[in-house]
């Protein structure tokens, strides 16, 4: 008998394939406070029992593989394996189940969103035994959360830096997103900031193209910021997109922005990657820059209800990786966003402690301990008539960002900014006086337009613009109470 055979025999090795559920389905397991918990929406192939499908997810995202291997005997699988500890049927959906999986904390590198996702979703989504798989939610335990630095500054520090309190912040994405020269781009930034906005923004795909190189854009935007600040007496900012082809180039652009003295930069965290995003967040923290995060590419990952990763998971990952703002849908605009689901992950971004609430799609209680919060950004197809609803839905700790809803004003950029600022101030004042924004919103806007010709013109242009499409991502029947 060879030494290798003797070793295999001594550890009880028996070659062959066995059902995952024999090892990885553990319905009597009691989860630990240090476990990372995951809720997967599982659609098994015909003939695959849900217990086997859930166990396969736990195995393939932790220690398991398709066959028994003799090296299993060289470690403690009970210590390191993922466990499918509960399965529930999704009512109203054919052959769909929620499989709950617990992962020991030792499986993950400290402070690495990249490693966390590589482990949990890196390979299992291509598994043939599953027709579809979606990661609905994660419970990040405090023991793991404390290994991350999170947002560079957080909500309160940002308000103190900007000296802006008691209302949502106002922004605008410069349009057209591509094709403007750096000088004309800077002119649009100046007009919007002078009109009353707090921020303007590079769009997600504005990087460094032949028609407008990044350095030229940074310089003209900085000039616009300082000029508008001098004229209005308010602190202004422009989200300078530092996203680049390499981490080194990204940090070089961030350093140039810091040298210009601007307050905020921007990153596309999904296309740029979590490693790059975490590196940039660390740089922003050390150098006093706020970090705006765009979620470009998110719908490729989160749009389908039965496959992918829900945005609430991507939002949690961003809070760990680091960002002071992140786009979060609008509920009322042109982009996907069901109200209760959106409010659920907005709370997960901002609050320190969020209770489990299936009526809002929150599968686990989440304790962020001391990790700073992130401002949700409402952006996409919104205009002045949406202002009461946006103020009511998102509250003060948010950024309301109007692109076409500013630049599409018939009188130009600055009047468009004035219209939005007047509408916001009117809604905040009405709310503070006890009016119901949901019920009285239209009358509040009409009354304010009586003394603001800029708002009156905006109201006339967008009075019939609506986006009446149902959300693809909706609550399950067993979540609706």
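Placement of Cβ uses the backbone N, Cα and C atoms for every residue, glycine included.
Note that the structure is predicted; figures quoted are calculated from it, not measured.
Going through 76, 228, 379 against Swiss-Prot, the one listed in the substrate site together with 123, 173, 177, 295, 327 turns out to be 379. Packing around residue 204 (Mg(2+) binding site) is summarised by its Cβ count: 20 other Cβ atoms lie within 10 angstroms of its Cβ, all protein chains included. Of all the binding-site residues listed here (123, 173, 177, 327, 379), 173 has the Cα closest to the Cα of residue 201 (Mg(2+) binding site).
The most crowded of the binding-site residues listed here (177, 201, 295, 327) is 201, judged by how many other CB atoms sit within 10 Å of its own CB. On its own chain, residue 203 (Mg(2+) binding site) has 173, 174, 175, 177, 178, 241 as residues at least 6 apart in sequence with a Cβ closer than 8 Å to its own Cβ. Around residue 294 (active site, proton acceptor), the C-beta neighbours below 8 angstroms that are at least 6 residues distant in the chain are 204, 241, 266, 267, 268, 269, 326, 327. Sequence-distant contacts of residue 123 (substrate binding site), defined as residues of its own chain at least six apart whose C-beta falls under 8 angstroms from its C-beta, comprise 60, 61. Apart from 201, 203, 204, the Mg(2+) site neighbourhood in this chain, defined by C-beta within 8 angstroms of the site C-beta centre, holds 173, 174, 177, 202, 205, 206, 239, 241, 266, 294.
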